[in-house]
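To start, the structure under review is shown below, and the notes come after it.
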């Protein structure tokens with residue numbers, strides 16, 4: 001069984017997929033971070049700051065996929081069949097750190113949506129810096145803790161046949177990691193379902209109530225609905241690509257933490273699904289997040305206008321169009 005995992009892990013098709021995931025994840029999330037750096041007005045929203053945190057963690061996931069693909073390609077090229085536990089743990093550490101920060105960021109976005117629904121009138125005027133700082137600190141602490149647990153529990157003299165954390169880690173790390181991922185995922189789903197329930201309850205209440213307050217509330221909820229829809233798609237993607245595979249990983253760990261076969265399979269699958277999620281997040285925002293879509297269009301429109309202006313300096317309508325952006 002472990003031999004099959006090793007073959008899957010070193011397949012040329014698997015490494016090509018990892019490289020594609022890495023290139024897309026790094027490119028789109030670098031662009032997303034560029035938008036936040038270029039257009040400061042995006043950072044005037046608490047939700048957008050948390051989205052920037054999420055983009056940073058997705059960027060790290062892309063880097064982790066690139067490192068893993070490069071190592072797998074090299075070991076396949078030299079026909080290496082046994083790997084150092086320390087080397088494999090360090091390589092896995094990139095993805096583990098990125099996954100931990102990603103989980104915290106997604107949970108932060110979900111809590112932010114809940115706060116927006118609980119106080120639709122005052123939310124746009126509030127900037128909860130303590131909440132943002134707590135999310136940032138947790139994003140720094142969580143990967144540090146799990147990398148420490150991973151590295152402290154390995155046998156540096158041991159050789160493994162599958163180069164992933166499912167093979168190199170001990171029972172303490174596996175139990176801690178699976179408990180963290182499963183617990184935070186259940187909390188995430190609970191927060192999101194509560195948000196949806198309160199959102200539609202308030203929207204229905206504002207529709208059936210007359211008066212100035214009801215009109216303003218409905219207007220604010222309508223604005224939040226657009227952002228909540230994009231976050232809904234993000235939560236759905238997170239459930240399919242993260243929660244379900246991690247539930248399998250947690251189940252295999254809690255049933256028998258010494259069973260490296262199931263944990264190796266789960267770790268392999270999670271490496272792929274986590275990378276796919278890091279790629280899709282940007283396109284969900286591009287589709288449903290109005291502000292990010294606007295500034296993406298604005299950035300590419302300016303670029304096109306500048307190129308046309310250089311090639312056709314006499315075309316006045318192109319110049320005037322550039323000046324309108």
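Glycine residues also receive a Cβ, built from the backbone N, Cα and C atoms like all the rest.
Residues or ranges marked as transmembrane segment in TrEMBL: 16-37, 49-70, 90-115, 127-151, 182-201, 227-248, 268-287. Residues annotated as domain 'G-protein coupled receptors family 1 profile' in TrEMBL: 28-285.
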Which value does the mean pLDDT take for the domain 'G-protein coupled receptors family 1 profile' (28-285) in this predicted structure?
81
Tally Cβ pairs under 8 Å between the transmembrane segment (268-287) and each listed stretch (16-37, 90-115, 127-151, 182-201), then give the stretch with the top tally.
16-37
Applying the under-8 angstroms CB criterion, which one of 16-37, 49-70, 90-115, 127-151 scores highest with the transmembrane segment (182-201)?
90-115
